[in-house]
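First the structure, in the form of structure tokens, and then the observations on it.
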Amino acid sequence: MANSQRKILVTSALPYANGPIHLGHMLEYIQTDIWSRFQKLRGHECHYICADDAHGTPIMLKAQQLGMTPEDMIAQVQKEHEKDFADFNIQFDNFHSTHSDENRELASEIYIKLRDAGYIKTKTISQLFDPEKSMFLPDRFVKGTCPRCKSEDQYGDNCDNCGATYSTTDLIDPKSAVSGATPVMKDTEHFFFDLPSFEGMLKEWINSGSLQQEMANKLGEWFEQGLQQWDISRDAPYFGFEIPDAPGKFFYVWLDAPIGYMGSFKNLCNKRDDLNFDDFWSKDSTAEVYHFIGKDIVYFHSLFWPAMLEGAGLRKPTSVYAHGYVTVNGAKMSKSKGTFIKARTYLDNLDPEYLRYYYAAKLSSRIDDLDLNLEDFAQRVNSDLVGKLVNLASRTAGFISKRFDGKLAKIADTSLTESFLAKQETIANFYETREFGKAMREVMTLADIANAYVADSAPWQLIKDDAKQEEAHQVCTNALNLFRILVTYLKPVLPKLAQDVEAFLQMELTWDNLDVDLAGHEIAKFKALMQRVEMKSIEAIIEASKENLQVTAEPEVKKQDKTPLEQDPISEEISFEDFAKIDLRIARIAKAEHVKEANKLLRLELDLGGETKQVFAGIKSAYAPEDLEGKLTVMVANLAPRQMRFGVSEGMVLAAGPGGKDLWIMEPHEGAQPGMKVK
């Protein structure tokens, strides 16, 4: 039991109820589930809450296409979502829907409190209207050119390329995504939440440590641009909750979606006598509330949501934790390549615990994107889980059953066990701070030590010598005890494996019984706990995920971007003498790390084969630091040092691409050596 029991409410972002869960979504639910399970393992009161996000124009239109009512469609999708989550061993304490009585009541109650406090304004606006469909177009159903960076094919409310947020009417050359028609302007009265009134409070909350530093920095940029009043209403036809005393006007989905966290918890409280809603959501609540989200919805969760709660006299989240996107094999998930993988497709072919472990092994507290490299995935699972972890039990358990009646020995030398137990708080701290990758590395380092102990002791040899039976008994018992400790450390990540090990060891694995004396304890006969990942299973997933290339090719051609040469024409000619001044050298990236308070930069230490230079490179959006270390690249070695806010940059690395994720550093072929001149 933890020294002081905490009361914790934790949420994941609500999956949208118009389609299936895919492996990009699963990153967040696995991350949150691991953290929630860890809190429970430590003895804390922790409630993991989620719901389907079931409102909005996309759901209304999708239901029309399917010939269903929106209510029937979201009910069907919710069943599919719940099945996928359950099969991935996601342990929600409650999974509900935003289309619920609890959510309707809470949304109306919060709105009325905001209205009565003077935080709701009304004004007539000009909005884009689809003349063919006779409907006002929500932000996501208008596409055009970003008014800031001029990127084409961007949504009506924000730009995926530069991150700008703007009014739909600011979009250049807008088109209706519903009909393709050019929308017309039409006046309508809308309701606005007075977000600027909360600027001071938000700045204080953001700088209190409630957000990751990268998030706080990004929000600082939005404050510089100035907070705007937030449009919280939509016109009929719309699937959602009608605004009180405003016929034909509905709450925008992003108003009632985060309230869905509260609605789901309210639903849980209604089912149980031992839970009180106000204990977690009242202004003076001492409980902890944590939201795990993707980096694409930071704006809503870190500005609108806490401001709404403050205005309604409710408590704000303790923290909001954002994560990055999932790429597959180093690229954006692709339906044509078969890397846009649905959760169900994965589950039809592979053990969910494999993906839980792989994601955990690569997750940190930062907002970096995570690459699901399928070859590395197979190798890591086979090496770590099968080759190291399960191998400990498979090499020793049989001897206990066959030679010692399934009973464990009294361990004479407990030094190895004590060294494993000494890592308990280190690993706990890694879980608590969401440094799951560090926790996995710590556990696998211990697994290496345990396997080395078994290899050096060679119980399969000892067992052949009648005089060494007790020693063999000691070694096998010690190995199984170390195995028990390791599986307990991994229990939040691998709950099904832990359950199977509990059946095998005939005891519950808890954080509090790690140091229990197992002398004389009887275990069950060992059964295989985990199979190796076969590449044919991965290939089957890819094939099952591919869509017909001819179907996807045509729309891609229609919206094809300009060629790189058209986007960035060749510069004016320079003389050979000017070019000769540039000293290009091969360099090895000896170290790469994030730069605190910098959104785009990585600090690189470049080895030139006898000299080291420090370079600040704007490649953070495309590379994780650990993926760069050891690589060869090309740098401008004689660039004059430049004093930056973070230190002196002594050169420049060469990279190609338009920016964002689409950046590629120059990597010379094998044979090039640090210090070589590029001619």
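For all residues, glycine too, the Cβ spot is worked out from N, Cα and C.
The range from 4-14, 15-25, 543-553, 620-630 that Swiss-Prot describes as motif ''HIGH' region' is residues 15-25. DSSP assigns C159 (Zn(2+) binding site) to coil, not to a helix or a strand. Other than C146, C149, C159, C162, the residues of this chain whose Cβ falls within 8 Å of the Cβ centroid of the Zn(2+) site are, in sequence order, P147, R148, K150, S151, Q154, D160, N161, G163, A164. Separation of the C-alpha atoms of K335 (ATP binding site) and C162 (Zn(2+) binding site): 25 Å, rounded to the nearest whole number. On the 0 to 100 pLDDT scale, the domain 'tRNA-binding' (578-679) averages 83 in this prediction. On its own chain, C159 (Zn(2+) binding site) has C146, R148, C149, S151, T165, Y166 as residues at least 6 apart in sequence with a Cβ closer than 8 Å to its own Cβ. The Cβ of C162 (Zn(2+) binding site) has C146, R148, C149, S151 as same-chain neighbours under 8 Å, each 6 or more residues away in sequence.
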